[in-house]
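These notes concern the structure reproduced below.
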Amino acid sequence: MTTRSFGETITTAPKERSPARSTWQRLWSANGPGYLFLLPWFIGFFGLTVGPILSSFYLSFTDFNLLNPPKWVGLANYTRIFTADPKFVQSMRVTFFFVVFSVPLKLAFALGVALLLNRGMKGLPLYRAVFYLPSLLGASVAIAVLWRQLFAGDGVVNDFLALFGIQGPSWISNPRFSLWTLIILSIWQFGSPMIIFLAGLRQIPQDMYEAASLDGASKWRQFWKITLPLLTPVVFFNAVIQTIEAFKSFTPAFIISGGTGNPINSTLFYTLYLYQEAFGFFRMGYASALAWILLAIVALFTAFSFLTSKYWVHYDD
């Protein structure tokens, strides 16, 4: 821009754009449509995930019960859980029993089937689909109802045992067997870890087995010295994922026990107890505290698994 004053011409430099503003303008012009498409996801994520998480953390320190506004009680909920709640202790006992038995048995069964399928048998895609189907159906209501019918006193399982002169127990109503019916259901859904094991087995070089065979190593020794060490990253992944899923298990126990955890609280999973407190007694503050304790348990297990993995997981460098 130029101006005249006393016969002289003075040139004024144009204003420069702010570097930060210019950068934002370039980003918006290049990625603006993408941000607009992501906006619904961000709204849903913060409104339906982050918001409820933060809200539950606050409510865990209150006595909120849906009927009255929340009142701050500090650590009272957590203190009661750890010192004066026998159902919390029972639910933890049931859940840990379920995790300790269902996860190793499921992984062992999945690995065994994967080893059989890895031998190059005919119709492999069909077998993979059939074995994966239970995991695809998942712990759905329909499967839980079917399982309850199978293990009823006059169900198919006891009818099958009767063919061999064996009198089957009352699987559902007997506290000695009720939890094992849920463990068997969990093992039956071995398809997902089986597929992952099978993919890991396909990555092991075959020339290692050929060299071991030439050295006189048996199949059993090849498994312990070649297959299992090279498969430890897959074992680690499956163990962490399946353990977390076992801690979160809810639907089978809810359907088979009718939402009560009976008989004698033998199927009172931690998640089922949390559900009872939240939607049975409407003690939302107390249930929120239970939820955060479960999160802490799962987080501690995951952290411990990663910290100890360096001692037994062998990655291919």
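Including glycine, each Cβ sits where the backbone N, Cα and C put it.
Annotated transmembrane segment per TrEMBL: 35-61, 96-117, 129-147, 177-201, 222-241, 253-275, 287-307, in sequence order. Positions annotated as domain 'ABC transmembrane type-1' by TrEMBL: 92-305.
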Look at every Cβ pair spanning the transmembrane segment (129-147) and the transmembrane segment (253-275), keep those 6 or more apart in sequence, and say whether at least 3 of them are under 8 Å. yes
Kindly say whether the transmembrane segment (222-241) and the transmembrane segment (253-275) touch, using the definition of 3 or more Cβ pairs under 8 Å where each pair is 6 or more positions apart. no
